[in-house]
Amino acid sequence: MRTPVRTPRNASRADDEVAAPKSTQRLPIWVNQRLGLLVLTVALATLFGILRPAFLDQRLVLFPLLRDISTLTVVALAQMVALSVGHMNLAVGRMASFGALCAGFGYDRLGLPLQLGLLLCLFAGAVIGALTGWIIARTGVGSFVVTLAMDFALLGLVSLLYSALTENAAFTTRPSGLMDLRSTSLADICIGRVCGSPAVPQLAQFTVLALAGLGFLYTCTRMGRELLLTGANPAAAELSGIPTGRRILLAHTLSGLLAALAGFMAAVGTGTFRASIGNDFMLPSFLGAVLGGTLLTGGIVSVLGALLGTSLVGVIRKGLDLLGVGMESLNIYLGCVLLLALSADRVRTVVSYRKVVRSA
Amino acid sequence: MSEVLLECREIVKVFPGVRALDGVGLRLTAGSVHALLGENGAGKSTLIKVLTGVHPPDAGHLTWRGEQVHLRTPLEATRTGIGVVHQERNLIPGFSVAENITLQNPPSRHGLVDRQAMNAPALRCLEELGLDLDPHRLVRELSVAQQQLVEIAKALHTQSEVLLLDEPTASLSPQEAENLFQVVRRLTARNTCVVFVSHKLEEVFAISDTVTVLRDGRSVLESAPLADHTHDDIVNLMVGRAHTAAKMLPRTPEPTSVPVLALDGICTARGHQDVSLAVRPGEIVGLYGLVGAGRSELVKAVLGLDRVTGGEIRVDGTPARIASPRQALHEFGIGYLTENRKEEGVFLEQPIHRNITVTVWKKLARALGVVSSAEERSVAQNLVERLGIRASGLDQNAGELSGGNQQKVSLAKWLAADTRLLIVDEPTVGVDVRTKHVFHELLWELARTGLPILLISSDLTEVITLADRVLVMADHRIRGEVGNDHHYERMSGRIIRLIHDRAPSAVSAQQDAK
């Protein structure tokens with residue numbers, strides 16, 4: 001570190017010229033999280049498959065596994081959108097349960113068809129997300145506090161509404177098509193004689209849509225870029241003419257909408273609309289997003305990473321479960337994975353900082 | 001009589017892109033007041049940070065009473081006997097005066113802090129300074145001046161023999177400043193060395209014994225007796241850098257054309273009173289003032305980030321209400337290059353092309369708000385070439401560039417937006433001399449092509465090199481205007497006089513009021 005410091009100015013300039021092209025090299029490959037995640041997930045799946053051949057059973061293991069992954073990926077995306085503007089959504093699970101409540105209400109009381117109920121659910125999620133975003137943008141109170149408060153408020157509201165509106169604290173009316181959505185897989189959709197895999201649930205279509213939509217938003221559009229820059233540096237974004245308040249509102253609206261979608265998917269997966277939906281969403285939402293390479297401080301997201309991160313967690317959970325690891329110890333492993341994921345975040349920051357210092 | 005306490009020789013400190021200190025020497029003797037002078041960016045703050053162990057020097061020696069020392073942390077500096085009172089307050093607002101004074105070495109009993117035993121040493125320190133303060137009071141209830149004195153008391157408690165005061169009078173009233181000087185005299189009487197950093201030369205001459213002048217990271221006058229030098233000598237030493245004759249093509253702004261931006265009697269919630277100025281096409285108007293004069297705050301209020309309480313803003317002759325920087329950019333074509341590059345200017349962890357095109361996405365966007373990546377890159381590539389930004393590629397993160405190149409990226413964003421007026425705030429702070437020249441030429445050329453520029457700067461050379469007219473601001477008011485003849489000595493004299501004339505006139509105004 002000392003040598004470049006003592007070289008005279010001209011010499012260090014020359015060094016810079018030489019060093020400059022070098023820094024085009026991105027971070028070393030082991031820091032590239034997405035590739036690592038893919039390799040790790042495939043390797044673990046193979047390992048579990050060898051140890052317990054039952055792991056590769058398409059209908060009994062992979063189908064429910066992929067259904068869980070589909071749902072949790074949407075949850076991770078909901079968190080990712082909030083993280084993209086440098087915020088958090090601690091109410092992601094409760095927004096999901098609120099969305100599911102609205103869908104269930106629509107089916108049970110209003111007799112809505114499947115699609116309209118889903119729309120009602122998404123609308124409710126978007127509204128509650130927009131309200132959260134509006135409070136944050138308007139008051140300047142941190143997203144942590146506001147979403148935490150929102151979480152508590154919704155926790156009370158949702159259970160209150162369920163006990164007021166239903167007898168067993170759950171909506172059990174199922175519109176036509178809901179059970180199909182729950183259990184059909186690609187195997188049921190055939191083009192001529194070629195059928196899809198029975199392991200891929202039809203619910204995954206929502207996840208694919210969400211992934212495609214967000215991928216488009218963040219890579220191709222002005223909105224997406226502005227969301228990221230708002231997250232990267234709110235003060236600079238404001239001075240550069242980005243309507244930061246509106247972008248924050250947009251991020252939270254999207255986050256609420258995706259959370260509600262996840263709530264709907266979870267309800268479809270279990271077949272009933274009850275208050276407990278979304279109870280266990282918060283930790284996986286961060287886990288999936290951060291493992292995937294989304295920066296907790298905002299400005300960098302990875303849509304595909306959210307899918308890969310969630311998949312890894314899903315595979316580990318299912319595999320250990322099949323190996324007979326108890327629920328409690330399973331959580332210990334998951335805690336460790338989260339810690340590793342957060343450390344990876346830090347490692348990347350440190351590595352890129354060192355690069356800055358070296359190049360200077 | 002005087003024993004040398006702290007001496008440093010050939011101190012070098014390098015930051016990414018800048019050689020902040022380049023062979024600085026300093027000798028501090030007991031029982032004297034030593035003035036440390038220099039323009040903004042000359043290296044005063046860096047030197048203070050080196051002396052207090054915040055930044056380890058990259059080369060050079062520090063000796064304490066003749067023995068070489070290495071100060072690696074602020075705590076080591078404190079233990080050695082070097083205390084510092086920074087420009088901004090460093091007290092814990094929720095703690096009492098006594099707790100703050102004894103913070104670094106609180107009296108304890110059985111491992112627990114003994115609150116009763118705090119008061120005696122705290123009172124002793126306060127008494128030594130001649131202060132009548134209740135040690136139980138919470139610091140947040142005190143005035144800024146009182147807090148500053150508490151910090152000095154804190155330094156006494158750690159038995160500082162060298163006390164560094166960084167711009168201690170910046171936020172004090174004349175009366176409070178006088179109190180402070182009495183404290184300084186008491187301190188020197190008990191053989192402490194006080195290092196006094198200030199922009200106000202009158203104060204320096206009133207209380208200092210010796211002086212060191214820094215310029216561009218070098219000491220141009222080293223620990224010399226102040227009595228040997230006149231006011232003008234010192235000013236010349238501070239600012240008189242070798243003037244490379246700028247070979248820039250002449251500009252001819254038309255003094256009669258309609259101003260692109262005109263402020264008329266603007267008052268703001270931040271305390272600006274009756275500020276009027278006008279910037280015409282092709283003109284560079286300098287807004288000179290010391291740090292804290294309220295220049296950036298004025299611009300932020302004009303851009304809608306703060307409340308304008310009176311007066312009128314006119315853009316192209318028509319009254320305008322600007323509610324946000326967004327509206328300023330998209331509706332009125334006003335760009336603001338902030339002084340605070342790292343916090344408000346660039347997105348450090350975003351690629352260069354995004355940093356540059358952020359202001360034009362709205363223009364580039366097609367149906368569904370799709371921004372073509374290719375178009376974006378071509379806009380960015382053009383500007384990178386035009387401004388000579390040295391980067392490995394458009395995908396490099398802005399934070400990986402040197403300070404000067406970051407500043408160019410920050411400027412490129414406004415050139416991309418093709419603004420009709422550019423407000424440039426301290427464009428060359430923390431930028432080395434070479435890049436500074438490049439920047440000056442760039443701004444000059446921009447103005448020559450008709451772009452009006454409002455140049456905010458506390459760098460006299462910069463203002464005199466570039467501006468057509470110089471407005472001098474102090475205490476949130478415009479103190480006067482000087483037409484620039486680009487003659488350095490004449491201009492600097494006039495400008496500095498405008499600033500320093502203020503003190504007596506303010507005092508007389510107060511007396512009139514009584």
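Heads up, the Cβ atoms here are built off N, Cα and C, so glycines get one too.
According to TrEMBL, the feature transmembrane segment maps to A:35-55 (among others).
What TrEMBL records for A:61-83 (among others) is transmembrane segment.
The list of residues near the transmembrane segment (A:113-137) in space but at least 6 beyond its ends in sequence, with Cβ under 8 angstroms from a Cβ of it, reads 87, 89, 91, 95-96, 98-107, 143, 146-147, 150, 154, 175-178, 181, 244-246, 248-261, 263-264. According to TrEMBL, the transmembrane segment annotation covers A:113-137 (among others).
Residues or ranges marked as transmembrane segment by TrEMBL: A:144-165 (among others). Away from its own ends, the transmembrane segment (A:144-165) comes close to residues 82, 87-91, 93-95, 97-98, 101, 105, 108-109, 128, 131-132, 135-136, 171, 274-275 of its chain (Cβ-Cβ under 8 Å, at least six residues beyond either end).
Per TrEMBL, transmembrane segment is recorded for A:248-269 (among others). Listed by sequence, the residues of this chain that lie at least six past the ends of the transmembrane segment (A:248-269) yet keep a Cβ under 8 A from its Cβ atoms are 67-68, 70-72, 74-75, 77-79, 81-82, 84-85, 87, 89, 91-93, 95-100, 102-104, 118, 121-122, 124-130, 132-134, 136-137, 143, 178, 181-182, 203, 206-207, 210, 223, 227, 230, 277-278, 281.
Long-range contacts of the transmembrane segment (A:281-308) within the same chain: residues 33-34, 37-38, 41, 69, 72-73, 75-81, 83-87, 89-90, 92-93, 96, 207, 211, 214-215, 218, 228-233, 259, 262, 334, 337-338, 341-342, 344-345, each at least 6 residues beyond the stretch ends and with a Cβ under 8 Å from a Cβ of the stretch. Here TrEMBL flags A:281-308 (among others) as transmembrane segment.
Long-range contacts of the transmembrane segment (A:320-342) within the same chain: residues 48, 51-52, 54-55, 61, 283, 286-287, 290-291, 296, 309, 312-313, each at least 6 residues beyond the stretch ends and with a Cβ under 8 Å from a Cβ of the stretch. Annotation source TrEMBL lists transmembrane segment at A:320-342 (among others).
Distant neighbours of the transmembrane segment (A:35-55): 29, 61, 291-292, 305, 308-309, 311-312, 315-316, 318-319, 322-323; these residues of the same chain sit at least 6 beyond its ends, with a Cβ under 8 Å from one of its Cβ atoms.
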